[in-house]
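**Student:** Encoded as structure tokens, here's the structure I'll be asking about.
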Amino acid sequence: MVNNPTKFLFLLTLMGGTLISTSANSWFGAWMGLEINLLSFIPLMTNSKNLFSTEASLKYFLVQALASATLLLTVILGSLLLNPSLSNSSTSTIMNTLISSSLLLKMGAAPFHFWFPGVMEGLNWMNGLMLLTWQKIAPLMLISYTFSLNVFFSLIITLSVLIGSLGGLNQTSLRKILAYSSINHLGWLLAAMAAGESIWGLYFLVYTFLSFAIIFMVNAFKMIHINQIFSLNYINPINKFAFFVTLLSLGGLPPFLGFMPKWIVIQNMVNLGNIFLVTLMVVTTLITLFYYVRTSFGAFMLTYSETLWNPPSLVNNTLHSSSLLLSICSTLGLMLISLICSIF
């Protein structure tokens, strides 16, 4: 991507659009940043050699344009209606709900998730990583301005964790599995907002790191579907084990790094008295872990079948050592952080 100067330019404007949105002091400025971000991501998605990416970019554009139009309309209506003579709490609540809905549609949170797995399926792994991580920063930051743990957001969190966990059960594509996993994590991120800005920021950082680690390895191994995992006999067993441990860490299995932000969110939700919601979130995370374990089951078996004729390894030493390092960080991260906290 970086070798192409045009794509490098769009990558810079993509980052610039996100920074404009997060640093804007008005809703119009935030909308403008989101539009710059959208128009920069479309050329990065398209690939003339791949019809799926063209379809995905068209889907993405239509959905994002709808969300942007809704956001702009709501902001204009809000500025007209919410003057001191006409101001009342019900109008303000409706406006906040509409703004939040348009931003949730931009992120792909349930029940506005209908476009997300389909778009993810048509992208290559690097663009998929951007869609899973960077493209969520601006909408999440803007949602944090209007967020309060009311009935609307409780419903969004419930639907996100349910659809994110149940939707991935019958998937064979790794991209769709990661897409549904992202929807589940969005529910946790919105719950983390109730605890405070630093908590959801920490959750997002850990989620971004683990997503990068998994997509880096999957891209190196050239994997697309689950059934390819069972024929990865040419990969070093340590490297294979490292990949699946990182996958379990993303699912939030203790004692890995991915469990740490979920632990903090659970503690804060219990302190706020949302026992039912946090119980539902934990149960749905167990379902998510089930399809991660199903994906990685073959690698953890002591006895497994292996083909006699194996192709030469596609993973060079640099990729091998990098993926191993990422796995060590995700495996030992929680223990190292606990050790540092106990010292200081």
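Using N, Cα and C of the backbone, Cβ positions are placed for all residues, glycine too.
Per TrEMBL, domain 'NADH:quinone oxidoreductase/Mrp antiporter transmembrane' is recorded for 24-288. Residues or ranges marked as transmembrane segment by TrEMBL: 60-82, 94-117, 137-165, 202-221, 241-260, 272-293, 324-343.
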**Student:** Which residues, given as numbers and ranges, are at least 6 beyond the ends of the transmembrane segment (60-82) yet have a Cβ under 8 Å from it?
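**Tutor:** Hits for the transmembrane segment (60-82): 27-28, 31, 34-35, 38, 41-42, 45, 91-92, 95, 98-99, 101-103, 105-106, 115, 119.
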**Student:** Cβ pairs under 8 Å with the transmembrane segment (241-260): which stretch of 137-165, 272-293, 324-343 has the most?
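**Tutor:** Answer, by Cβ pair count: 324-343.
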**Student:** Sequence-remote contacts (6 or more beyond its ends) of the transmembrane segment (137-165), Cβ cut-off under 8 Å?
**Tutor:** 17-18, 21-22, 30, 33-34, 37, 96-97, 99-100, 103-104, 106-107, 109-111, 113, 180-191, 193-194, 197, 200, 204, 272, 274, 277, 280-281, 284-285, 287-288
**Student:** Residues sitting near the transmembrane segment (202-221): Cβ under 8 Å, six or more positions beyond its termini, same chain?
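**Tutor:** For the transmembrane segment (202-221), the far contacts come to 125-126, 128-129, 132-133, 136-137, 140, 174, 178, 182, 185, 188-189, 192, 232, 235, 242-243, 246-247, 249-250, 257-258, 260-262, 264-265, 314-315, 319, 322-323, 326-327, 329-330.
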